[in-house]
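Residues annotated as domain 'Major facilitator superfamily (MFS) profile' in TrEMBL: 289-517. The region 'Disordered' annotation in TrEMBL covers 1-49. Under the heading transmembrane segment, TrEMBL lists 71-97, 117-137, 146-164, 170-191, 203-227, 233-253, 284-312, 332-349, 361-380, 386-410, 422-440, 452-474.
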């Protein structure tokens with residue numbers, strides 16, 4: 001029996017064992033290796049149960065294969081809208097920031113600038129900080145319910161923000177309520193794609209994550225027009241339309257249904273007492289994921305690299321205003337990053353489909369290397385055209401890093417645990433995203449320029465890339481150990497069966513000899 005529609009989609013793991021053959025139905029326990037990264041006794045018992053059930057019943061219990069299309073294309077478009085609306089609004093916070101200063105205070109008031117900056121900083125950090133919690137809700141209630149409720153909460157937070165009279169309430173309405181809703185809407189969009197696509201997962205993730213690039217290019221222009229026309233508060237209400245569409249899009253995240261054979265087998269005698277029928281609830285926080293060494297290294301290397309990753313995106317415009325004062329179209333540098341980031345997500349998403357297994361991590365290593373190098377080259381650009389070229393390259397590899405996060409998570413821990421694996425990682429990412437840019441700004445205030453800030457910002461991506469290089473080696477070493485252990489147990493079991501057969505034959509021969517005598 002496969003999980004019903006009410007069960008989370010992430011519960012359809014790929015770690016079920018292949019049946020070894022029929023066995024007596026009365027048996028209850030047999031030793032065997034745990035299937036997959038969870039290493040839980042429940043998972044081991046499940047595997048044994050499939051082995052005991054025989055080929056026919058095990059075939060009935062196999063989780064449905066990803067359809068590689070069909071309804072999945074609509075799910076892909078919904079997830080694309082989610083990425084675009086959530087991160088398009090966050091990436092356009094610079095436009096909202098200026099409008100908040102004009103509405104609630106003066107741009108020359110340093111204290112007001114500091115207080116206003118916390119609104120967007122808190123919002124971005126909370127989106128990723130809440131992802132581990134959102135992953136738990138995704139496991140318990142499923143992708144559809146979590147995404148729909150998250151979009152509704154985000155809508156309420158954004159609408160409430162349009163009625164405030166001072167900057168302080170925005171910490172709650174925009175920085176916490178709106179951001180938490182976005183987090184609960186965003187996290188399921190990463191998980192659901194892996195259940196509708198497998199062979200095309202890299203390409204689909206590239207298309208989905210390209211949504212944020214498209215919105216990042218278009219939303220600043222739209223927000224500027226709206227703010228100049230109707231003001232900040234009505235602009236926030238217009239943005240509520242994006243959240244309402246996201247609310248509707250969440251209903252497309254329907255779980256894969258079981259086949260007719262699975263439904264019919266649910267009433268059979270052996271399935272009636274199956275542990276699948278009465279599957280115990282998943283752990284609230286599955287810290288057993290960190291026993292998977294390759295995932296633990298990945299969860300450390302990514303946040304380590306991000307301490308300098310976002311510094312150029314936050315401080316680049318201020319640097320351009322100071323270094324290239326005569327240039328008129330300074331915003332073109334951000335547009336270049338957004339455009340090539342979208343191209344990179346599509347390009348490297350497709351390339352990732354041809355890179356086997358965990359070796360996809362090498363694409364992230366490559367992206368961090370170029371991002372770190374380009375960050376260091378920003379202060380060296382004395383010509384505006386050279387800076388544009390640097391931004392084009394940086395955006396291309398930014399898209400590479402983002403689009404293959406979900407496929408790598410599926411490779412490291414499997415579909416059963418991918419929800420919490422991504423959630424933990426995004427939660428860790430919230431720390432460097434919140435801390436890195438303020439440190440760079442502090443260095444700018446102390447030293448009078450952004451040169452040292454950009455040089456230092458290039459170091460963490462390089463260090464993080466070096467750490468990630470060890471993941472394929474660690475993963476392959478672990479797989480060899482598992483194969484060796486499994487092979488030894490199979491050989492021992494085979495020899496045991498042969499000895500039992502020889503003993504039985506010897507006893508029969510002795511009986512026949514006695515009867516002849």
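Including glycine, each Cβ sits where the backbone N, Cα and C put it.
What TrEMBL says about a protein is an automatic prediction, not a curated fact.
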Which sequence-distant residues neighbour the transmembrane segment (170-191)? Criterion: at least 6 residues beyond either end, Cβ under 8 Å.
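For the transmembrane segment (170-191), the list is 9-10, 78-79, 82-83, 86, 90, 100, 118-119, 122-131, 133-135, 137-138, 143-144, 146-147, 149-158, 160-161, 164, 208, 243, 246, 250, 253, 405-406, 418-419, 422-423, 426.
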Counting only residues 6 or more past its boundaries, what in the same chain has a CB within less than 8 Å of a CB in the transmembrane segment (233-253)?
9, 71, 74-75, 77-79, 81-82, 85-86, 88-89, 96, 99, 142-144, 147-148, 150-152, 154-155, 158-159, 161-163, 181, 185, 188-189, 192, 223, 226-227
Averaged over the domain 'Major facilitator superfamily (MFS) profile' (289-517), what pLDDT does the predicted model reach?
80
